[in-house]
């Protein structure tokens, strides 16, 4: 380490600032320009304001699409399609026929 003049502010120490200014180029050399460029360009991390993305507009026939959704058959519930009452009756019949030892 080189001795640093104690009268200099920390941001003016030699080696604390790169010799060239940061730019918008994303080449390999510019991505490794300084710590800030590496995190922003190399890693893609930025803590600034997020750009507002515009929503995609719905096509003009969106009403027909909604109508086709309502015409679809309702989804059936999962499980035994015969229903819980018949399955209970089956269990009762099986328990009655099994002999108790």
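Here the Cβ of each residue, glycine as well, is placed from N, Cα and C on the backbone.
Taken verbatim from Swiss-Prot:
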BINDING   22, 33, 34, 37  Zn(2+) 1 binding site
BINDING   25, 27, 30  Zn(2+) 2 binding site
COMPBIAS  86-101  compositional bias 'Basic and acidic residues'
CROSSLNK  71  ubiquitin cross-link
REGION    1-48  region 'Transactivation'
REGION    1-24  region 'Interaction with human CREBBP'
REGION    22-37  region 'Cysteine-rich'
REGION    38-48  region 'Core'
REGION    48-101  region 'Disordered'
REGION    49-86  region 'Interaction with the host capping enzyme RNGTT'
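Here the features listed in Swiss-Prot are placed on the structure.
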| residue | record | DSSP (3 states) |
| --- | --- | --- |
| 22 | Zn(2+) 1 binding site | coil |
| 27 | Zn(2+) 2 binding site | coil |
| 33 | Zn(2+) 1 binding site | coil |
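Applying an 8 A CB threshold to same-chain residues 6+ apart, the list for residue 30 (Zn(2+) 2 binding site) reads 23, 37, 41. Sequence-distant contacts of residue 33 (Zn(2+) 1 binding site), defined as residues of its own chain at least six apart whose C-beta falls under 8 angstroms from its C-beta, comprise 18, 20, 22. For residue 37 (Zn(2+) 1 binding site), the number of other Cβ atoms no farther than 10 Å from its own Cβ, over all displayed protein chains, is 18. Sequence-distant neighbours of residue 25 (Zn(2+) 2 binding site) (same chain, six or more apart, CB under 8 Å from its CB) are absent. Cβ neighbours within 10 Å of residue 27 (Zn(2+) 2 binding site), excluding its own Cβ and spanning all shown chains: 10. Confidence in the region 'Core' (38-48), given as mean pLDDT, stands at 83. A distance of 13 Å separates the Cα atom of residue 34 (Zn(2+) 1 binding site) from that of residue 27 (Zn(2+) 2 binding site). Using DSSP to sort the residues of the region 'Core' (38-48) gives these counts of helix, strand and coil: 5 helix, 0 strand, 6 coil.
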